[in-house]
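Some features that Swiss-Prot has for this protein:
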ACT_SITE  ASP11  active site
ACT_SITE  ASP130  active site
Amino acid sequence: MLAKRIIPCLDVRDGQVVKGVQFRNHEIIGDIVPLAKRYAEEGADELVFYDITASSDGRVVDKSWVSRVAEVIDIPFCVAGGIKSLEDAGKILSFGADKISINSPALADPTLITRLADRFGVQCIVVGIDTWYDAETGKYHVNQYTGDESRTRVTQWETLDWVQEVQKRGAGEIVLNMMNQDGVRNGYDLEQLKKVREVCHVPLIASGGAGTMEHFLEAFRDADVDGALAASVFHKQIINIGELKAYLATQGVEIRIC
């Protein structure tokens, strides 16, 4: 069995790490490189960096910090933000990123997933999905351009359909960003994760809602996700990664202990 992964998420805007609640009202957390170094030293299995306004601004992720991060950490990291071409992806990978993640650009042009997978291999192509639960309809819908509140829009895709579509097109991994839970710290949306797990045959990463160590355990045990991504509990030092992994190990979760 592959070890489950603990993945701190660093949302980047204007060269700094920020964090919001339900993708709104972002506050500055700190500088990118020191935070990345701290999480690597604490025992993170991987890091994810989202340049949250790149797609909505019509630009690609600012690459200046990517190579600096690669110099100071020795764990894999994934970069996302406005990657719309093979050239964009190639540059970011050449600066030291291990994976690239696409979200809004994949919705705009789904063939991008296949072209990236064919060029660089499925193992380094992640598709992020920003999913919102509509209580009125009881359905999960995919959102686009979520880094900018004024430009966010609901797409025609229902989440389960898009999960299946991106796999057909070559996604090597899926990060499910559950917008209703984001930053609230009330736990991952286990119902949604279980439904997605049934149709997701590539590694599935849960994102949005972690507030306690038990929330991570539930995601691994009850929804069988491959990784759990979180931000605010790590940024605000509510949970220490090393202590979290030790706890999960005592609960029988296959995890890499640092």
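Any Cβ shown, glycine's included, is placed from N, Cα and C.
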Between the active-site residues ASP11, ASP130, the one whose Cβ has the fewest other Cβ atoms within 10 Å is ASP11
ASP130 (active site) to ASP11 (active site): how many Å between their Cα atoms?
14
